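These come from Swiss-Prot:
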BINDING   Cys9, Cys24, Cys27  Zn(2+) binding site
Amino acid sequence: MVEYKCLNCKKIIKLEELGKRARCPHCSYKILVKLRPKVVKHVKAR
């Protein structure tokens, strides 16, 4: 599940809500930031 955050209104938007437009559906701002996944990845040190 891909989520984006609007830099103007700070609301979290799912990919299904966007459609083909890369704009916030709430405030029509064009700049969205892709959020990092909530899963923590552990890497073994060598």
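Cβ from N, Cα, C; glycine included.
In sequence order, Cys24, His26, Cys27, Tyr29 constitute the residues six or more apart from Cys9 (Zn(2+) binding site) in its chain with CB-CB distances below 8 Å.
Within 10 Å of its Cβ, the residue among the binding-site residues Cys24, Cys27 with the fewest other Cβ atoms is Cys27.
For the Zn(2+) site, the Cβ centre of Cys9, Cys24, Cys27 serves as reference, and the other residues of the chain with Cβ at most 8 Å from it are Cys6, Asn8, Lys11, Pro25, His26, Ser28, Tyr29.
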